[in-house]
Each structure stands twice: as C-alpha cells, then as structure tokens.
Amino acid sequence: MVIPAIQSLVADAAEPDKRGLAFGWLQFTGNLGAVFGNIFSVLLASTTVFGLAGWRASFHILAAASAVAAFLVYRLAVDPRYKKGQNGTYYQNDPITASSALKETLNEAMFVIRIPTFRAIVAQGVAGTFPWAALSFAPMWLELIGFSHKVTAAIIGTFSMAGSVGGLLGGWLGDFSARISPNTGRIILAQFSSGIGIPLGAILLLILPLKSSSTAAFEYGAVFLITGLLISWCGTGTNNPIFAEIVPEKMRTSIYALDRSFESFLASFAPPVVGMLAEHVFGFVTSSHKSETTDITPDKMNAKALGKALFSAYAIPFTICSLLYSILYWTYPKDRDAARAVIEIDKEVSPGITESYNLKPGYFSLQYDEPEKANNIIIKDKSTELQHILSDT
C-alpha cells in the first residue's frame, strides 16, 4: 500500500536525469533494511522481551518503528512539489467525496492502462519477475546439493546484497545511458540486464558441478554474486524512471500501484510452476514416493531435477522479457512526448505552480490563478486531445 506512494514521492523529488540513481538508493536501503530485519527477527525469536515471546515482540517492534517513521515523515519531510515559501494551498473546483475520489481513481487507472509503454513494461515485468519468484527454491536446491544451512544462508545472503548493490548500479547506469541516448539508452540497458541472466543461469543451474566442497561453495557464491549484480538493473534503471516520464505528475502513484499489482499477482504463480516442472517433467521425487520404492533417490538427483526446472522458469521468462522491451523503441518516445505536452498545458493553466502542475484530481492551481481562469485557458486551448486527457483525469 505504501510503496507506490513512496515511489511517486521519489520520482517527484529527484531530478529527471538522476531518477534512476534515486530509485537505486530506494531499492538498496529497502533491501538492506530487510536483510538486517530478518537477522534481527531470527536472533530475537529464541528470546523473551518483557514477558512476550521473541517472535511476538518482533511484530510489536515493527509496528512501533512504523509509527515512529510515519510521525517523522509527517513532521520533518518536505513535499518536493513546492518551492521554499509555498504553503501548498489548493483552489478546489468541486468538493471531494468518496464517490468522486473513486471515480477519479478509476479514470486515472483507465488512462494509464491505455498507454502502450505501460502495457509493454507490465507485460515484460510479469515475465521478468517470474525468475525472481522462482528463485525462492534456491535455498532448497543448494541444500539438496549438500551445502549446510550456514553455507546456504551465506550464499543466498550474498545474492541478496548483490541484488541491492546491482539496483543502485543499474539506476546510475540508466541515468548515464539516458544522457547518451534519451530515446533508447534505458531500453538497451534493460535488455542487457535481462539477457545476461540466461547464460549466468545456465552456468549456475546446469554447468557447475553438484558438489558441496569449500571450493564449490566459493564458485556458487561467486556466480550468485555476479548474477545478482547484473540482473537487477531493469527496475531502477529503466522501468521506474520511464513510468515517471509517460504520465502527468498526479498520476505517478496510480501507474506505480497498477504496475505493482499486475506484476505481483501474476508472478505469484512462479513457485507452483517450478514445483510442477521439477516433479512431473524433470523427475524430482518427493519423500512420499521414496517410501514406495526400494531404491532411495539421492538428493543430488533431486537437485539436478530442481535445477533444470529452475532454469526453465528462469531462461524462458528472461528471453520473453528481453524481447518485450523492444516494443519500447517505438512507444516510449511518443508516450513521453505526449506526457510532456500535457505538462506544458498545465504550466499555462497555473503559472504559480512551479515544477508541479496538475497534482490532484479536482484541483487546478496552487497560488495565483482562480479556478475560473484556469478553466478558460483549458477551453481556449486548440488541442482537443489534450483537453480530453485533462478532463479524464
């Protein structure tokens, strides 16, 4: 619920040529907090805090930390939509009710869904998040190979941290690529990041020997490290910055929320698909089936079957993801320019609005313009298409 609003806030606060890096820092700090939070909760689980079991206390601590963070944001955070000295007072055309707010939200959602670039990114995102969801089987796969719990945790932790740093690196590279080639730089970066995952996945899941020695642990850790660094560029370097450019500012929360809902829902099917592939296609034998046979299937045979299933759920989606990014070569420049045209009209509507334009449904200006004047400017505008966009939103 909160993440789309945070992403919209980051998009508003960051300069257009530094949005990728800003989203990279957001991903890095979020993942870093998740890593330390997991470690803290595990250490707390076996203790007692003021008479509460540790695992129960962790929920209370999380709630308290969230409340403190919300209070600090309310008291200290500065809305990036206003310049210093502005009080952010709106002129309201019509009173906002629950029904009108819902209608505005649905209108925004329908407008966003009609944008070709959004549809292309969501389509690739569904394919692109599939491998990440499938990697939930990675700890099980490593333990079937023979690695201990500690070694498995270290390897997976390395991959998680590499993904965090990779997101930061990808954001910076996305900004750099966009400065060199505004129309294609971010797209090329995303295609490289998704495409490089295929050979790296083959090395990791199919080529490396199924051994659990110290040397093997180093090899697996190194490949996981490189993989995490290179396949995590798409979100911070391409998707999130492009989303901020193809809609008017007030719709940014909607576009991030819709993207997250579509991708998260469809990617949730990845683990069941991997399980079915491993068991019904590649010969993974469950414990119940082992008891019915005279020969006990070695864990490494199951590791091999699971590795093949993981690679199938890894390589095919990444291939589709890389191909779908090609659509953006045609749609992204047009959608970005259309959004800029809407912003230019908003500037004419409200000269006192600074960098932020038509920010909320039902409002037209911040400081200097009367609503009637704003409406007259819109009516006089010659572009009927842009009038339609503004009236819809």
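In case you wondered, yes, glycine gets a Cβ from its N, Cα and C as well.
Listed in TrEMBL:
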type	residues	note
DOMAIN	1-336	domain 'Major facilitator superfamily (MFS) profile'
TRANSMEM	28-53	transmembrane segment
TRANSMEM	59-77	transmembrane segment
TRANSMEM	120-142	transmembrane segment
TRANSMEM	154-175	transmembrane segment
TRANSMEM	187-208	transmembrane segment
TRANSMEM	220-244	transmembrane segment
TRANSMEM	265-285	transmembrane segment
TRANSMEM	305-330	transmembrane segment
Non-local residues, at least 6 beyond the ends, that sit with Cβ under 8 Å of the transmembrane segment (187-208): 124, 128, 131, 170, 173-174, 177, 181, 216, 219-220, 223-224, 226-227, 230-234, 237-239, 307-308, 310-311, 314-315, 318-319, 321-322, 325-326, 328-329, 332
For the transmembrane segment (59-77), distant same-chain residues with Cβ under 8 A (at least six beyond the ends): 37, 44, 52
Ranked first among 120-142, 220-244, 305-330 for CB pairs under 8 angstroms with the transmembrane segment (265-285): 305-330
Cβ-Cβ under 8 Å with the transmembrane segment (305-330): same-chain residues at least 6 beyond its ends: 116-117, 120-121, 123-125, 127-128, 130-131, 134-135, 137-138, 140-141, 144, 183-184, 187, 190-191, 194-195, 197-198, 201-202, 205-206, 231, 234, 238, 242, 270, 273-275, 277-278, 281-285
